[in-house]
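Below is one structure, written out as structure tokens; the observations come after it.
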Amino acid sequence: MGPCSRLFVCFLLWGSTELCSPQPFWDDETERFRPSKPPAVMVECQEAQLVVTVDKDLFGTGKLIRPADLTLGPDNCEPLASADTDGVVRFAVGLHECGNILQVTDNALVYSTFLLHNPRPAGNLSILRTNRAEVPIECHYPRQGNVSSWAIQPTWVPFRTTVFSEEKLVFSLRLMEENWSAEKMTPTFQLGDRAHLQAQVHTGSHVPLRLFVDHCVASLTPDWSTSPYHTIVDFHGCLVDGLTDASSAFKAPRPRPEILQFTVDVFRFANDSRNMIYITCHLKVTPVDRVPDQLNKACSFSKSSNRWSPVEGPTDICRCCSKGRCGISGRSMRLSHREGRPVPRSRRHVTEEADVTVGPLIFLRKMNDRGVEGPTSSPPLVMLGLGLATVMTLTLAAIVLGLTGRLRAASHPVCPVSASQ
């Protein structure tokens, strides 16, 4: 571009000094390494608050804004008091103050707000020299981890896992098919069948845990403190239902530490016509590297060997099942049927144990069991039987009369009349 052309462009772009000023042929090293100017708005996301620092030269034009024209968030929080000589304006607010919005994502907690510059006329003037501006602000905090800058003392598991242990443990008790491959779709049984139960805890990101069935009770309603009731598991994991004529037992080995499977021979309560039961179990967990003991065990009774045996752990932890005293009395969640309410247990985390219920289990009577119930046939069945017998009698009578008429007709034949011989 020649001098004339350059001068012509300068007139068109009057005030564009960058284009019209002469450019040196050398490279100024001091300009290259000069530190860049800090941003006009800086945000510091602290543990419990956010600190916003605003340069009074917000627009970079050299014209300073007034602190009174700045607010933070939907609640229009005002800045901290500062001297007129300060070159910055500061805000310091809590994460849940000033109308800050919290959003929860898969990996982070996001607190969002905005810085508002809303200029107002100064004095009696009705003019503005700066524009209205809104600057969005966000603070991201990871959901997994410690946001404090102070060192933490480790608990029995890492800090991150302790939080999960209080939020992510989900206990369940389900009816399973005989081969344990899937959940049983229909809760119907016949007396003499065997119910396959699977207790499980979903640990999420927790450290590995081992699940135990501490206590189980069968009742006619989901309220396991009502009568009648039948104890299936007692004494911190002793499957006492196997002591009777039943073959109830825990399945060994486990498929996984967080799963415990066991079978119960189905039954119904005598002198009750509902033919259904609910099973409520108290489940709890321990770290998987903890050796089972008398308070945390799964023991079954073998009639062939006449002794108790654990699913895992030392054999002697099941000896207390025969005595009915395992560990310190009152430590387990046991039902006080006299008082009709559960006895509370002292525990460190509420979510390390839970009460879960499955049911109703519905029992269908077998066809050959009707005669065993005694002479209690219902009147509709009697009337139906009499009606069928009457119909069959009338049908046989009609058949006999029809055959008799045909035999008489055959003994006296009628000859057809011929037109001519």
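Cβ atoms here come from the backbone N, Cα and C positions, even for glycine.
As annotated in Swiss-Prot, C139 shares a disulfide bond with C45, one of the listed residues C45, C77, C216, C238.
The disulfide bond recorded by Swiss-Prot for C216 joins it to C281 [selected from C238, C281].
Looking at C20, C98, the record from Swiss-Prot puts C77 in a disulfide bond with C98. Between C299 and the candidates C238, C326, C415, Swiss-Prot records the disulphide pairing with C238. Sequence-distant contacts of C299 (disulfide bond), defined as residues of its own chain at least six apart whose C-beta falls under 8 angstroms from its C-beta, comprise G237, C238, L239, F250, W308, S309, P310, V311, I317, C318, C321. Here the C-alpha separation of C98 (disulfide bond) and N179 (N-linked glycosylation site) works out to 59 Å. In this view, C281 (disulfide bond) is surrounded by 24 other Cβ atoms within 10 Å of its Cβ, with every protein chain counted.
Ranking the disulfide-bonded residues C45, C98, C139, C216 by other CB atoms within 10 A of the CB puts C45 at the bottom.
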